[in-house]
Amino acid sequence: MHELSLCQSAVEIIQRQAEQHDVKRVTAVWLEIGALSCVEESAVRFSFEIVCHGTVAQGCDLHIVYKPAQAWCWDCSQVVEIHQHDAQCPICHGERLRVDTGDSLIVKSIEVE
């Protein structure tokens, strides 16, 4: 369950930002999850609640936004949207793709009190 370590990293980022800006309470967090990140929403929600306990983010609302993955096709030299790791290029059907975005979990926004 790598969702737990991803959420721990996210909460560390949130804590650092809260300390830098003298924030006492985080009320909402938006996480951006890439289509190829291999994380399950239910596991993220469960893990996030656990790692937020005792932090400025405890009890905050968690919003999850999904982001499609983008890859560079070496065969047709185009940036394309993909939805799985073993995808083919939707333009030329080539299989030589380099994933550029969409394989991460990012703290996109934090709402504070």
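Heads up, the Cβ atoms here are built off N, Cα and C, so glycines get one too.
These features come from Swiss-Prot:
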- H2, E3: Ni(2+) binding site (BINDING)
- C73, C76, C89, C92: Zn(2+) binding site (BINDING)
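A sphere of 10 angstroms centred on the C-beta of C73 (Zn(2+) binding site) encloses 21 other C-beta atoms. Excluding the listed site residues C73, C76, C89, C92, the same chain places W74, D75, S77, Q78, V80, P90, I91, H93, G94, L97 with Cβ atoms within 8 Å of the centre of the Zn(2+) site Cβ atoms. In the shown protein chains, 13 other C-beta atoms lie within 10 A of the C-beta of C76 (Zn(2+) binding site). A C-beta separation below 8 Å, combined with a sequence spacing of at least six in one chain, links H2 (Ni(2+) binding site) to C38, V39. DSSP assigns C76 (Zn(2+) binding site) to coil in the three-state reduction, outside any helix or strand. C89 (Zn(2+) binding site) is 29 Å away from E3 (Ni(2+) binding site) when you measure Cα to Cα. Taking a C-beta cut-off of under 8 Å and a sequence gap of six or more, C89 (Zn(2+) binding site) has these contacts in its own chain: A71, C73, D75, C76, Q78, V80, E95, L97.
Local packing around the binding-site residues E3, C92 was summarised as the count of other Cβ atoms within 10 Å of each Cβ; on this measure the leading residue is E3.
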